[in-house]
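Taken from TrEMBL as is:
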- 6-227: domain 'Orotidine 5'-phosphate decarboxylase' (DOMAIN)
- Asp12, Lys34, 61-70, Thr121, Arg182, Gln191, 211-212: substrate binding site (BINDING)
- Lys63: active site, proton donor (ACT_SITE)
Amino acid sequence: MTCQSPIVVALDFPTMAQSIEMAKRLDPSQCRVKVGKELFTTAGPAILDELHGLGFEIFLDLKFHDIPNTVAKAVTAAAKAGVWMVNVHASGGRRMMETSANALQQITDQNTLLIAVTVLTSMDQSDLSEVGINVTPEEHVKRLASLAKSSGMDGVVCSAQESSMLSNELGKDFVLVTPGIRPAGADQGDQKRIMTPAEAMAAGSHYLVMGRPITQAADPIAVLTKANADIASLA
Ligand SMILES: O=C(O)c1cc(=O)[nH]c(=O)n1[C@@H]1O[C@H](COP(=O)(O)O)[C@@H](O)[C@H]1O
């Protein structure tokens, strides 16, 4: 089923049963889903089969960061499992990203998107300084995104606050995946660099990752429907 929406719902649940219960309330034409570290660690690859069986395209968000050979093997395994998108950390460097991109090119029957995480949306200037990076989040995102593009990545994960800058710098075809999406008035939680769904799309984001504002809402479908409507009204 072709998904009409840029929204990717993060199924950050502690059990397979809870994530499937949420997925069954969602419609694969209205959103994609994301399987992250918590769910994959508890449920294993079986969760991918279950969600594919429900008709969803899956972003497997395990943010691989290791030596080039290990990451290339991991993204290959993800592509063979048929996921729509998989990610690595751009800070793993050029050889890690190039080796992974080359490995995916060998798999001719899959078009899995390979995306690099730049600066996590939970981090701000002070978090970067503490790990020895003394430039603004925007500058560091730009540096890592340029490296990701020249290393063969299809796009990056960044905050929507950087989408406009990256779209101008790296072109409109370079895929921008933006978490830290908060409808007006929603709880910010641990996210620091945030935007609303409509603002993020207007800034040039291609895909919006939304977790708690949907999954923890009293009426998750209402929040998703409203976000899709706000985005559609931009067109
Ligand atoms: O790669 C990601 O998806 C990701 C990168 C990033 O920089 N920030 C970020 O929040 N994420 C993920 O996006 C989701 C955001 O969830 P909420 O904050 O609940 O909307 C979580 O599953 C995070 O793991």
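Quick reminder: no glycine exception, Cβ is built from N, Cα and C everywhere.
TrEMBL annotations: computationally assigned, not manually curated.
As the structure is a computational prediction, the values presented were derived from the model and not from experiment.
Here the features listed in TrEMBL are placed on the structure.
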{"residue": "Asp12", "record": "substrate binding site", "DSSP (3 states)": "coil"}
{"residue": "Leu62", "record": "substrate binding site", "DSSP (3 states)": "strand"}
{"residue": "Pro68", "record": "substrate binding site", "DSSP (3 states)": "helix"}
{"residue": "Thr121", "record": "substrate binding site", "DSSP (3 states)": "coil"}
{"residue": "Gly211", "record": "substrate binding site", "DSSP (3 states)": "coil"}
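For the pair Gly211 (substrate binding site) and Lys63 (active site, proton donor), the Cα-Cα distance reads 16 Å. The binding-site residues considered are Asp12, His65, Gly211; of these, His65 has the fewest other C-beta atoms within 10 angstroms of its C-beta. Proximity to ligand 1 (Cβ under 6 Å from any of its atoms) holds for none of the binding-site residues Leu62, His65, Pro68. The Cβ of Lys63 (active site, proton donor) has 17 other Cβ atoms within 10 Å, all protein chains considered. Distance noted between the C-alpha atoms of the residue listed as 'active site, proton donor' and Thr121 (substrate binding site) is 13 Å. The average per-residue pLDDT of the prediction over the domain 'Orotidine 5'-phosphate decarboxylase' (6-227) is 97, rounded to a whole number.
Of all the binding-site residues listed (Pro68, Thr121), Pro68 has the fewest other CB atoms within 10 A of its CB.
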